[in-house]
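The [4Fe-4S] cluster binding site annotation in Swiss-Prot covers Cys46, Cys49, Cys52, Cys59.
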Amino acid sequence: MKVFGISGSPRLQGTHFAVNYALNYLKEKGAEVRYFSVSRKKINFCLHCDYCIKKKEGCIHKDDMEEVYENLIWADGVIIGTPVYQGNVTGQLKTLMDRCRAILAKNPKVLRGRVGMAIAVGGDRNGGQEIALRTIHDFFIINEMIPVGGGSFGANLGATFWSKDRGKKGVEEDEEGLRVLRKTLNRFYEVLKEKRGL
C-alpha cells in the first residue's frame, strides 16, 4: 500500500505537521509513504499553452512538479493538506492541481481509482476548512479518484483543524482535530485495503 502526502502550505507549520502525522499513522499500519511540500519549491503556473495536449510528453515547464507527477503515478492513495487562505486552498496548491493537466493529457486515466483524502487547517474555527476540503475533493473527482471522508458525526468531508493561528503548536493541541484526522485516516485505510483486495 503506497500513500503520497502533499502539503500545500508555503510554511513548514500546521499543515506540514498534520500531513506528516497522517503519513506516520499509516506507516505504522504497514503503508509505504512519500511526502512532498510546496514550501520552497519552484512550481510555475499553468499557462494553458496546450503543450501537454499537443505533445503528450508532459509539461513545458521543467520544475519541481516532476516529483509530484512521479509520486502521483506511484501511489495507491493520495493525502492532500492545505491551510485555509481567503476561505479556500492556497495559491500554491491550486497551481499544483492545475499543473496535473500535463500527466492527464498524456493518459486521461492515469489517476483513475486512486483513493484521495483531504486535510484543511484554519486559523479560525469556521475559517473555510470545509470549502477547502471540497476544492480538494473536486480535484479528486475530476481526475476519477475516489474521495473519502471520515463518515458522519465529526469527519463528514475529511479532517479539519483549528490552529488558532498558532501554526504547528495550534494543530498539535487541537485534540478534536487529531481525533477527526484519525477517524478519516481509518476510513481511508479501509477503502485502500478494499481496493487492493486485502
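Each residue, glycine too, has its Cβ placed from N, Cα and C.
The Cβ of Cys59 ([4Fe-4S] cluster binding site) lies under 8 Å from the Cβ of Tyr51, Cys52, Met65, Arg99, Ala102, each on the same chain and at least six residues away in sequence.
Note on Cys52 ([4Fe-4S] cluster binding site): other Cβ atoms within 10 Å of its Cβ, all shown chains, come to 22. The [4Fe-4S] cluster site, placed at the center of the C-beta atoms of Cys46, Cys49, Cys52, Cys59, has further neighbours from the same chain whose C-beta lies within 8 angstroms: Leu47, His48, Asp50, Tyr51, Ile60, His61, Arg99, Arg101, Ala102, Ala105. Ranking the binding-site residues Cys46, Cys49 by how many other Cβ atoms lie within 10 angstroms of each Cβ puts Cys49 at the bottom. A coil conformation is recorded for Cys49 ([4Fe-4S] cluster binding site) in the three-state DSSP classification, outside any helix or strand.
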